[in-house]
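Visitor: Before we start, here is the structure in question, set down as structure tokens.
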Amino acid sequence: MPTARLGSGGFAQIYTVWDQKTQTEKVLKVLVEDSPKALELFAQEAAVLSCLRHPGVPKIDPDGYFQRYWSDSQRQLNLPCLVMEKINGQTLENILQTYYPQGCPQELVFDWLTQATDILQHLHQRNIIHRDIKPSNLMLRHSASVAGEQLVLIDFGGAKQFERANLGSEARSTKLFSSGYSPPEQIAGINIGPAADFYALGRTMIELLTGKHPADLEDPLTGEFSWRRQANVHPLFADLLDEMVKEDARSRPANTAIVQRRLAQISGALSSNVGHPSRQFTPSVRTTAPAPISTFFLKLEKTLQRAVNNSTNTVRKIIVFIFQAIVQVIRACLDTIWSMLVTCIGAGIGTITGYFLAYRTTWGAEVGELLSKQLTVLLANNQPVLGSEILVFAGAGFGTAWGLTVAGGYGQRRRLLVASLMGIISYSFGWFILQLFTPKDSGEGLVGLILAAVSLFTLGLGLRSHQIVHAVIAAFGTAIPFALLMSLGISSSLFDLFRPTDNWQELWLKIAFFGFIGIFISFWLGVSYYLIVPGLRLLGWRK
């Protein structure tokens with residue numbers, strides 16, 4: 001018998017019902033979405049709950065899953081229904097927002113983690129993973145018969161059986177994830193195992209300790225997850241949480257037994273530091289029932305206090321956000337300007353060095369003669385080819401890579417030798433691409449040179465993530481200004497530097513050209529690193 005509507009969750013409507021057989025209140029979930037995906041998840045939840053028997057998991061009766069047919073003059077409906085135990089209590093999300101907006105006490109969170117690990121042990125032993133652990137899916141059951149509150153894991157709509165042999169392969173089941181809590185492998189849609197639950201549980205506990213959503217603890221520029229300064233936590237406890245939220249699933253605890261052993265060690269350390277604190281969540285205690293008018297004013301007082309606290313926190317967060325944004329903008333500008341300056345200097349030095357090797361050494365003349373003969377036969381385009389020019393390009397590539405690596409911007413690994421070698425290869429490859437175009441001063445040759453050289457050059461810099469994105473942005477961003485100059489008819493001077501010549505008077509033009517190439521590369525890497533990649537991370541593209 002329905003008594004009240006609790007709300008909606010996922011694809012279902014949720015009601016409180018009175019079970020006349022057991023004379024207890026229960027929860028009824030009615031699936032109102034008729035898509036195959038919704039039906040699969042709903043049936044999956046019923047199947048999982050039916051095989052679990054743990055105080056931290058809602059119970060369902062053997063006949064708790066059934067279907068009811070509903071028809072009217074316009075349509076017929078088949079409504080899947082699931083009746084389960086009603087958990088009286090609050091979610092950890094509500095507790096955090098209502099009583100501990102700045103973060104919950106360490107002892108409470110440690111106790112919740114201990115209980116949650118025990119629940120996960122029950123699931124994982126049966127090859128079941130929850131896949132959607134977060135504060136709103138963890139409740140504290142209030143019961144006078146139990147010392148303290150029993151943690152309960154709810155919402156098993158995303159739970160599923162897993163096979164250890166298939167971990168890491170492409171998933172065939174319904175893709176499901178919660179932003180900020182789900183691990184990278186789950187977002188990517190591959191088969192996951194217990195490590196995914198550990199990741200979500202670790203991030204949940206960190207949110208409870210800090211009072212901040214996990215996404216707010218990630219550096220938007222580097223993606224680094226930094227939270228320790230936001231909470232007063234024992235180092236051993238913090239170390240365990242850091243291991244649970246490792247990006248690589250292989251670096252997380254392999255099973256609940258490992259987590260429980262670590263928790264036992266941490267429990268001893270916490271007890272020795274603070275004695276034996278009460279871990280029971282008791283926000284308020286009353287011995288007599290207050291009058292209705294008193295209850296009204298108490299609720300009003302709490303509501304007003306919560307509103308004031310929320311407003312204060314919101315203003316504080318806005319101020320901190322604005323300050324951090326200003327600092328980040330200044331840092332990004334200085335980093336980009338420094339990189340542009342050092343890269344331009346490096347490109348100039350490299351161009352001069354390459355020019356000297358090409359036209360003022362016997363070795364350069366020999367290389368030039370060999371390449372000129374081979375390319376003339378290979379290309380067969382009747383255009384003059386001065387092979388010595390490749391040394392100018394190689395020197396410019398070396399100097400540009402050296403300067404950009406020495407500048408140290410954009411989170412590089414600063415692999416000076418590898419980056420310099422890739423600079424030589426990429427610019428030499430760009431020179432070869434230029435020889436393929438007929439005539440060379442048609443415009444396409446210059447754009448092809450820049451796109452080929454800059455994209456390959458960027459891939460060799462040792463950037464830590466989103467290498468393809470950086471390469472595409474830098475290559476096209478660098479090519480656009482030169483393409484615009486050619487569209488405006490300002491192109492004759494640009495193509496003079498590609499004509500076969502060893503005239504010292506033309507050196508300044510080559511230095512300017514490669515210097516501007518270096519400046520544009522640095523600028524567009526700054527745009528990509530500080531603007532585009534953080535946006536991609538917010539959308540879930542982390543690598």
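From the backbone N, Cα and C atoms, a Cβ is placed for every residue, glycine too.
Features from TrEMBL:
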type: DOMAIN; residues: 1-279; note: domain 'Protein kinase'
type: TRANSMEM; residues: 337-358; note: transmembrane segment
type: TRANSMEM; residues: 385-404; note: transmembrane segment
type: TRANSMEM; residues: 416-434; note: transmembrane segment
type: TRANSMEM; residues: 446-464; note: transmembrane segment
type: TRANSMEM; residues: 471-495; note: transmembrane segment
type: TRANSMEM; residues: 507-533; note: transmembrane segment
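Looking at the shown structure, can you explain where the listed features end up?
Guide: Across all of the domain 'Protein kinase' (1-279), the predicted model scores a mean pLDDT of 85.
For the transmembrane segment (416-434), the list of distant contacts is 350, 389-390, 393-394, 396-402, 404-406, 440, 445-446, 448-450, 452-457, 459-462, 498: same-chain residues at least six beyond its ends, Cβ to Cβ under 8 Å.
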Visitor: State the non-local partners of the transmembrane segment (385-404) in its own chain: residues 6+ outside its ends, Cβ under 8 Å from one of its Cβ atoms.
Guide: 339, 342-355, 357-359, 364-365, 367-372, 374-376, 379, 412, 416, 419-420, 422-428, 430-432, 435, 453, 457, 460-461, 498, 500-502, 510, 514, 517-518, 521-522, 525
